[in-house]
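Trainee: Below are the structure tokens for one structure; questions will follow.
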Amino acid sequence: MPGQELKTLNGSQMLLVLLVLLWPPHGGAVSLAEASRASFPGPSDLHSEDSRFRELRKRYEDLLTRLRANQSWEDSNTDLIQAPEVRILTPEVRLGSGGHLHLRISRAVLPEGLPEACRIHRALFRLSPTASRSRDVTRPLRRQLRLARPQAPALHLRLSPPPSQSDQLLVKSSSSRPQLALHLRPRASRGRRRARARNGDRCPLGPGRCCRLHTVHASLEDLGWADWVLSPREVQVTMCIGACPSQFREANMHAQIKMNLHRLKPDTVPAPCCVPASYNPMVLIQKTDTGVSLQTYDDLLAKDCHCV
């Protein structure tokens, strides 16, 4: 009987079956969602554990190679694929019944070109600018953009309760400054104009002083990840640093207004800040409650910078 044959499989054979079933197809772009789901329970036998880790390591290297290949193709086809623009909104937030979060987003602050749900590449919500966690609200926001009446003055999102009591207290606090980061796919023609403008950037303050991409070599210990990340042991962290002088890599009209007001009222209006405009994905082999897993983070390493 087929069922009886399946029962005779040992741990190593079952692991091989899982690897065959979950291995991504060769060629084409790799699915980050599929990579995030890859997780395997750890066998008790030490030899099986070593073998399983070697297989996972091979998968990690294959996934990393394909991600780099995808990135190289994007870099060589900038007229076809442009980095998402990032817009920071400040929605109104309140706690509803059952502890659910209710977000109100005024249509007046939505970027030009919305409501086009397809332009939303990703939407990340934070209870405050310094919050360590963000919540992915891409799907509910896209749904609201598709279904809400065009004449409605605002969009309303209902989210699950905050995971911790401290987050619930932050919502009620007057110091809460929630942020919604919209990563937008630019229109093709506009994207080409922005790419040409970026190529002509010249820092008026001198070389290396304006908003730019900077790389820092860090170990897992430096990052505080040594207790939950297995590989890679060292990371080339790309981040955005530098000043934002007038008309230099301004992300939007708000950045222009902010700079003008900063010149008039430097004590009350801060200058625009240098922040990531897009990101490169990064793959980690990390520990889980059931063993180890592959996890792809697509908002960890800065790829490009602008002033907001």
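Glycine residues also receive a Cβ, built from the backbone N, Cα and C atoms like all the rest.
Keep in mind that what you see is a predicted model, and the values were worked out from it rather than measured.
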Trainee: When Swiss-Prot marks a stretch as region 'Disordered', which of 40-67, 152-179 is it?
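Mentor: That would be 152-179, per the region 'Disordered' entry in Swiss-Prot.
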Trainee: Just choose from Cys240, Cys244, Cys273 the cysteine that Swiss-Prot connects to Cys305 via a disulfide.
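Mentor: According to the record, the bonded cysteine is Cys240.
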Trainee: With respect to Swiss-Prot, which of the residues Asn10, Asn70 bears the note N-linked glycosylation site?
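Mentor: The candidate carrying the N-linked glycosylation site note in Swiss-Prot is Asn70.
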Trainee: Is any of the disulfide-bonded residues Cys203, Cys211, Cys274 within 10 Å of Cys305 (disulfide bond) (Cα-Cα), and if so, which, in sequence order?
Mentor: Cys211, Cys274
Trainee: With Cys210 (disulfide bond) as the reference Cα, tell me which of the disulfide-bonded residues Cys240, Cys244, Cys307 is the closest one.
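Mentor: Comparing Cα positions, the candidate nearest Cys210 (disulfide bond) turns out to be Cys244.
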Trainee: Using a 10 Å cut-off on Cβ-Cβ distances across all protein chains shown, tell me which of the disulfide-bonded residues (Cys211, Cys274, Cys307) has the largest neighbour count.
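Mentor: By the 10 Å Cβ neighbour count, Cys307 comes out on top.
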Trainee: Give me the CA-CA distance between Cys211 (disulfide bond) and Cys307 (disulfide bond), in Å, as a whole number.
Mentor: 7
Trainee: Of the disulfide-bonded residues Cys244, Cys274, Cys307, which one sits closest to Cys203 (disulfide bond) when you measure Cα to Cα?
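Mentor: Given the candidates Cys244, Cys274, Cys307, the nearest one is Cys244.
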